[in-house]
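So the structure is just underneath, and the comments pick up after that.
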Amino acid sequence: MAMKKYLILSIFLLNLIFFRTALSLDSKSVEDEEEDLSFLEEEDSYGDQHEHEHEHDYENYEDMEDDSSDHGYDESYESPAVDEKDVAVLKEGNFSEFIGKNKYVMVEFYAPWCGHCQALAPEYAAAATELKAESVMLAKVDATEEAELAQKYDVQGYPTVFFFIDGVHRPYNAERNKDAIISWIKKKTGPVLSNITTVEEAERILKDEKKVVLGYLNHLVGDISEEFAAAAALEDDVNFYQTASPDVAKLFHIDSQAKRPALVIIKKEAENINHFGGEFTKSVIAEFVFENKLPLVTNFTRESASEIFENPIKKQLILFATSKDSEKFLPIFQEAVKAFKGKLISVFVEIDNEDIGKPVSEYFGVSGDAPRVLAYTGNEDGRKFILEGEITLDSVKSFGEKFLEDNLKPFYKSDPVPETNDGDVKIVVGNNFDEIILDESKDVLLEIYAPWCGHCQSLEPIYNKLGKHLRGIDSLVIAKMDGTTNEHPRAKSDGFPTLLFFPAGNKSFDPITVDTDRTVVAFYKFLKKHASTPFKIQKPASTQKIAGSDASSSLITTNDAKDEL
């Protein structure tokens, strides 16, 4: 009997505890829902219509030219006069039929406003005219008009070029000029290895082609020739030739008395001849050509951009110098990077070139006219490293070796650290990011913006208002950083503005992307929900009465403030 009474009493007490807990939670929920935040909505005009809008952010420096993801059609643009009589225009209605009836078809998916497409147009048209006689058709598709076709072929940037053989397509990623297009297509449609039997043929090839590989063999058929052809099949952008003529070999700078098989690659650039000294096998030949086909140092231009970015080698060593300083430092750089052929791409950027050199320099945070050498990973993390001290043969070699060993400290762009930083919204730069954002005792909201960004400009008064209302909360920081002049590995943006929240005590984890309406109230509710340290905002004195008087009240309560507003 006593046991029964004990069980009943226990159940009663448990129910009572549960009821009070539920009542407390319900009260808290109601309290949160009924919190009067109307004073935060005053003059809040940006609104939620901009919730998911961003202006483009450049994740890699080729994107500065190819902003193909968020453009609309510019009706004011007039195409330059280009004779495209031999370029077929394809649409949804004739695409399949055209591909079906032509064995070889190159197709360019383009956008009328795309600068790269405009630059490609005359080269593409000239290639179309020359290749027409060989039954190779070149065509184009306006991807802004033929969205379904573009989606079917997963077109994500412009121009995107495919080559179809009997209806089966593969991407074209070589240089965007007539000669490169023709050379690439001929390798796909004809023999991968051609014979040179006369001096006249050799002279024409050396005059017309930028880079060629020549094999000097005893016989143009047989096992050695077949091994050479197998190596040629592995290369898309270099033409392979073979000869048994001593006179032809001599024109290609091969000693006519040299032991055969001999091999040479010739390019029209500073390091124009490379002699092969390895075993004459497919893999060794292919590796030699891969390591030597690029210029020793590529001068960064609009034309050479694709050659750099579309190369399977991503790591880059970059010399920044004015045209005048390049006379002194470019030869040093060229000699130093010989040790890194096939391992990284070496690039020269002319700082005082207004068209392309200056914006590339600004992207990397290179200011002034002093020559600099940077290393760049070129991959998704896009890390950059800077050579400290003088540019010498030994210093560049050592720098490149440490770069390949991943033994360098990354360099991040940064504005000067502000002398004073006591505003409602804290100013963050690359060099004070750790101090402000990664302070484990603070909940931090960070806006990454661009000065030219219209959405950022519209958000500014709202963000400033939020900072003003939350100024007195010691555990909370509202901050902003100019993403065009400052970098940090923890501040990844996918456009401007990007808003990131770094909770206190959790700074080793990725920040939370703020995906909410861009209003003071929405930001406040987001912070209330995600902040590690609870806080409470209080109405300004002008909107509330205390004890029946107009006595002023502090704008913000401390973290243990009462719940009443």
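Glycine too: its Cβ is placed from the backbone N, Cα and C atoms.
Any TrEMBL annotation is an automated prediction that lacks curation.
The compositional bias 'Acidic residues' annotation in TrEMBL covers 34-46. Residues annotated as compositional bias 'Basic and acidic residues' in TrEMBL: 47-59. What TrEMBL records for C114-C117, C453-C456 is disulfide bond. Residues or ranges marked as domain 'Thioredoxin' by TrEMBL: 73-190, 403-532. TrEMBL lists 34-78 with the feature region 'Disordered'. Under the heading signal peptide, TrEMBL lists 1-24.
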Rounded to the nearest Å - Cα separation of C456 (disulfide bond) and C117 (disulfide bond): 30
C453 (disulfide bond) versus C117 (disulfide bond) - Cα distance in angstrom: 26
Rounded Cα separation (Å) that holds between C453 (disulfide bond) and C114 (disulfide bond): 21
Around the Cβ of C117 (disulfide bond), the count of other Cβ atoms that are within 10 Å: 24
